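Engineer: A single structure is presented below for examination.
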Amino acid sequence: MMSKINQTDIDRLIELVGGRGNIATVSHCITRLRFVLNQPANARPKEIEQLPMVKGCFTNAGQFQVVIGTNVGDYYQALIASTGQAQVDKEQVKKAARHNMKWHEQLISHFAVIFFPLLPALISGGLILGFRNVIGDLPMSNGQTLAQMYPSLQTIYDFLWLIGEAIFFYLPVGICWSAVKKMGGTPILGIVLGVTLVSPQLMNAYLLGQQLPEVWDFGMFSIAKVGYQAQVIPALLAGLALGVIETRLKRIVPDYLYLVVVPVCSLILAVFLAHALIGPFGRMIGDGVAFAVRHLMTGSFAPIGAALFGFLYAPLVITGVHQTTLAIDLQMIQSMGGTPVWPLIALSNIAQGSAVIGIIISSRKHNEREISVPAAISAWLGVTEPAMYGINLKYRFPMLCAMIGSGLAGLLCGLNGVMANGIGVGGLPGILSIQPSYWQVFALAMAIAIIIPIVLTSFIYQRKYRLGTLDIV
């Protein structure tokens, strides 16, 4: 494979990204070279896209990314050999890329880093609860559930709650661990802090308002013994506070006193602040977010809110703001037992892939299918960046067609109050996360998200081709 690589193309790529001196670091993923450039403005993307091995390029998260294809590893090795760059891992690249980010991009990046390690558990929990609802909560034709009809399934239904409860009920433990780790603190202290937020000594958060909690009486003031089960924002703020406290203490406490002073003082202060100030404040924020989303997505404004979110979600992905929707989903699951947001995200994934299908059907451009076919499949499975950056944004109108299809599908979901058990896989498999009573409506919404973008994209492509106005950004 290395012999098939034209060294002239490699040298030209180096020149077009600004030369060897402009490359801070370079790594690669499955299909893309990921450059961190000292001066991003010196790169010439339009000329780079003319290179024979390049299928597209874009800037995201402070990285200049060049789409090569599945043989990107060979090009990476040739590039490393030509530039003399040392091979780096993804974390080193991300750290270097932050220098090219604006403050709000860095904030979103930090937010994503905290929640990303939790995704395997959260996705598993969403799918497990979905399967549990199918066997235990969905009435069959005789009015009974499968668990009622078959005792063995009732056992499975009860057993699966052990996993579902562990993931969502004790979610603050994972959030505190990840937040403290991100801040450079000791992860095990984050776990301990998280456990203190969901300890059996505390009144269950779901009973708040139904009964009076006990208190810790400190004389001049008291603190209610209330837990933060399944709460996102209190756990996030508490974890960040512990990380800040510990890292600051490390700087001023001598090494020989570290184990005696830093962990103990950090934990006591963080746990006290978590229950006295941070937790109640975070609960207020979380309740406010839940109130706003509930009225926008489930009240009389639901059709409008769902349609707008479905239409605008793809642009949120481009800006990176979509990372914040994870916390909203988790907050809704805690307060409502499900989320109306995740179904709209899954539909947006489908619509982006469908717009690419419209291009595949209409276009006969040389080598385009090498990126369009994998991009469409990827989007239908929940990862939309290859579809958006590789095809839809290049032509521009497929992006709008996908947004229209997603908005109309969202409108249908809003009209019918579609809810998901939790976050899960996106795209077509996203139906597995939907509460079973909404499967038929969601299947129809999926059909809208597939058909509308394909038809609109194909029609506009062919019309522009006939008029000679088809252009690529």
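Along the chain as shown, the residues are counted starting at 1.
Glycine is treated like the rest: Cβ placed from N, Cα and C.
Per Swiss-Prot, the features are:
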type	residues	note
ACT_SITE	Cys29	active site, phosphocysteine intermediate
DOMAIN	1-89	domain 'PTS EIIB type-1'
DOMAIN	109-473	domain 'PTS EIIC type-1'
MOD_RES	Cys29	phosphocysteine
TOPO_DOM	1-110	topological domain 'Cytoplasmic'
TOPO_DOM	132-158	topological domain 'Periplasmic'
TOPO_DOM	180-187	topological domain 'Cytoplasmic'
TOPO_DOM	209-225	topological domain 'Periplasmic'
TOPO_DOM	247-258	topological domain 'Cytoplasmic'
TOPO_DOM	280-300	topological domain 'Periplasmic'
TOPO_DOM	322-340	topological domain 'Cytoplasmic'
TOPO_DOM	362-370	topological domain 'Periplasmic'
TOPO_DOM	392-398	topological domain 'Cytoplasmic'
TOPO_DOM	420-440	topological domain 'Periplasmic'
TOPO_DOM	462-473	topological domain 'Cytoplasmic'
TRANSMEM	111-131	transmembrane segment
TRANSMEM	159-179	transmembrane segment
TRANSMEM	188-208	transmembrane segment
TRANSMEM	226-246	transmembrane segment
TRANSMEM	259-279	transmembrane segment
TRANSMEM	301-321	transmembrane segment
TRANSMEM	341-361	transmembrane segment
TRANSMEM	371-391	transmembrane segment
TRANSMEM	399-419	transmembrane segment
TRANSMEM	441-461	transmembrane segment
Engineer: Does the chain bring the transmembrane segment (259-279) near the transmembrane segment (341-361), so that three or more CB pairs sit under 8 Å (pairs 6 or more apart in sequence)?
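Structural biologist: Answer no: the transmembrane segment (259-279) and the transmembrane segment (341-361) share fewer than 3 Cβ pairs below 8 Å.
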Engineer: Honestly, do the transmembrane segment (226-246) and the transmembrane segment (301-321) touch, with at least three Cβ pairs under 8 Å and pairs 6 or more apart in sequence?
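Structural biologist: No, the transmembrane segment (226-246) and the transmembrane segment (301-321) are not in contact.
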Engineer: Where does the mean pLDDT land for the topological domain 'Periplasmic' (362-370)?
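Structural biologist: Looking only at the topological domain 'Periplasmic' (362-370), pLDDT averages out to 73.
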Engineer: So, three-state DSSP: helix, strand or coil for Cys29 (active site, phosphocysteine intermediate)?
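Structural biologist: The residue in question, Cys29 (active site, phosphocysteine intermediate), is coil (DSSP, three-state).
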Engineer: Tally every other Cβ atom lying within 10 Å of the Cβ atom of Cys29 (active site, phosphocysteine intermediate).
Structural biologist: 12
Engineer: So, by DSSP, how many helix, strand and coil residues make up the topological domain 'Cytoplasmic' (180-187)?
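Structural biologist: Breakdown, helix to coil: 4 helix, 0 strand, 4 coil.
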